[in-house]
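The structure under discussion appears below in the form of structure tokens.
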């Protein structure tokens, strides 16, 4: 394209914050709300599934999911998400953001409902069908990552772009919160309607037959917010950057954005040929030119997201220690099935309310003031500090008198994950790559994150087992212990700091400036026009 910025793109860059920005945040954000709800609600009902389908007469404790089944139920959605991020990220660059956006949402609606139906009544049939639909649910969720981030970045202005993309991501916090609240309401309603004794008193009667409806209702509820936003998602016009820079239809881009911004934008017909004929920026993902321009950037975004998610998802390792330490969750045998769901949901809701949600929204308010690079570096630094502060004197924190301190340290680690790299790793890949590869590169970065999530959630579940095989959880081999696992995680966070230096700062810059798409054919002169004024190149 010509070296001077297209008017339609410049209009987006300098537009004042207005209604369409907030509309886009809500439409894209509700997808993320649903993503978080669907991904995290399974952790609320896994213990209930164990009680219902893996009860053993005469056992001193309630039934639990075997390690392989637990790993499958919890992890299969991550596998689907990773595949969906790669596939829909690529498809979003080939077919357009809007067309693919509807596909992902419908897949999430259908698979949320199907997850709750889970055909059959034997443990094997229920778990198999649950895992099957959870995989495809994850596949749809995976598509939402690159598409939501790309759409929001391409709609936003330069000044507040980081806050807008972070606000979409912050809806995850409300999704996690909603999951806990739905589980509280459903379990409380069934608990009140069908009273039951504790497991100690009546092992078989402690899990009422109606409990089978509880987990199904909780999983199926995720279809509602996704279905509610489908109509509005389909009404959104294609982003001007895709239409102009990838589809090369400047007339359509100008028309679409004239309606959105409610201003007159010239079609700039004289630039159509320049855009069509310019081949300088047509390099592919696997070309030497992409490697030269963006190879280190892609390595930086993928590696930092990978390292972050190892630490972020492994924090679930010691959630049970915290919940038990402060009395939120008593021993399983002292509760009935629905009481256990209620108390687990209450604990997750309180954690989300006190650290997860505030962390996300602090990011929204400060990311465009501090900048992405400093923000991510700060987050990884404090995660490293607090992880080592938990790990090195681990025995100290396990003593009863020090457990409140343990809770505080844990909450701060979680807070700085959200008030830092958990948001920036989502924001930056949507800003620094060319329009025709933006969704693909974001999908690759996000998929690297999900690979880290699987290592964090399951690799460390085994690693954190006591070194003494006799003290390990049922079905697990001996591990390296929680303390050594935390030390490893501290090192992972430190590596996140190191790889952050590969990620460029995108604060206050246009997307075309970051991706260098405003570099056209060689032209004489060292100045370009931008917004009616002459600016040095």
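Note that Cβ sites are derived from N, Cα and C of the backbone, with glycine treated the same way.
Taken from TrEMBL, the feature transmembrane segment applies to 20-49 (among others). Tertiary proximity for the transmembrane segment (20-49) is limited to same-chain residues at least six positions away from its ends with a CB under 8 Å from its CB atoms, namely 62, 64-65, 70, 73-74, 77-78, 81, 104-105, 108, 112, 127, 134, 137-138, 141, 144-145, 148, 151-152, 155-157, 160, 164, 167-176, 178-180, 182-183, 211, 214-215, 218-219, 221-222, 225-226, 228-229, 232-233, 236, 260-261, 316, 332, 337-338, 340-341, 344-345, 348.
Over the domain 'Major facilitator superfamily (MFS) profile' (24-508), the average per-residue pLDDT in this prediction is 86. The annotation domain 'Major facilitator superfamily (MFS) profile' is assigned in TrEMBL to 24-508.
Under 8 Å from some Cβ of the transmembrane segment (69-88) lie the Cβ atoms of residues 38-39, 42-43, 46, 49-50, 54, 100, 103-104, 127, 130-131, 134-147, 439, 443-444, 446-447, 450-451, 453-454, 457-458, 461, all in the same chain and six or more residues away from its ends. Annotation source TrEMBL lists transmembrane segment at 69-88 (among others).
Within the same chain, residues 31, 34-35, 38, 84, 88, 91-92, 125-126, 129-130, 133-134, 136-137, 139-144, 147, 151, 215-223, 226-227, 229-230, 233-234, 236 sit at least 6 positions outside the transmembrane segment (100-119) and bring their C-beta atoms closer than 8 Å to a C-beta of that stretch. Residues or ranges marked as transmembrane segment by TrEMBL: 100-119 (among others).
Away from its own ends, the transmembrane segment (163-190) comes close to residues 21, 24-25, 28-30, 32-37, 40-41, 44-45, 148-149, 152-153, 155-156, 208, 210-211, 213-214, 217-218, 221, 338-339, 341-342, 344-346, 348-349, 352-353, 356-357, 359-361, 363-365, 367-368, 418, 423, 426-427, 430-431 of its chain (Cβ-Cβ under 8 Å, at least six residues beyond either end). Annotation comment: TrEMBL describes 163-190 (among others) as transmembrane segment.
The transmembrane segment annotation in TrEMBL covers 213-232 (among others).
The coiled coil annotation in TrEMBL covers 251-278.
TrEMBL lists 350-367 (among others) with the feature transmembrane segment.
Residues of the same chain lying 6 or more positions beyond the ends of the transmembrane segment (373-392) and with a Cβ under 8 Å from any Cβ of it are 304, 308, 311, 363, 366-367, 406, 409-410, 412-413, 416-417, 419-425, 428, 483-484, 486-487, 489-490, 493-494, 496-497, 500, 503-505. Annotated transmembrane segment per TrEMBL: 373-392 (among others), in sequence order.
According to TrEMBL, the transmembrane segment annotation covers 404-423 (among others).
Annotation source TrEMBL lists transmembrane segment at 443-464 (among others).
According to TrEMBL, the feature transmembrane segment maps to 485-504 (among others).
The region 'Disordered' annotation in TrEMBL covers 508-537.
The compositional bias 'Basic and acidic residues' annotation in TrEMBL covers 508-518.
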Beyond the flanks of the transmembrane segment (443-464) by at least 6 residues, Cβ under 8 Å: 71, 74-75, 78-79, 81-83, 85-90, 92, 142, 145-146, 298, 301-303, 305-314, 316-317, 425-426, 429, 476-477, 479-482, 484-485, 488-489
Secondary structure tally of the compositional bias 'Basic and acidic residues' (508-518) (DSSP, helix then strand then coil): 5 helix, 0 strand, 6 coil
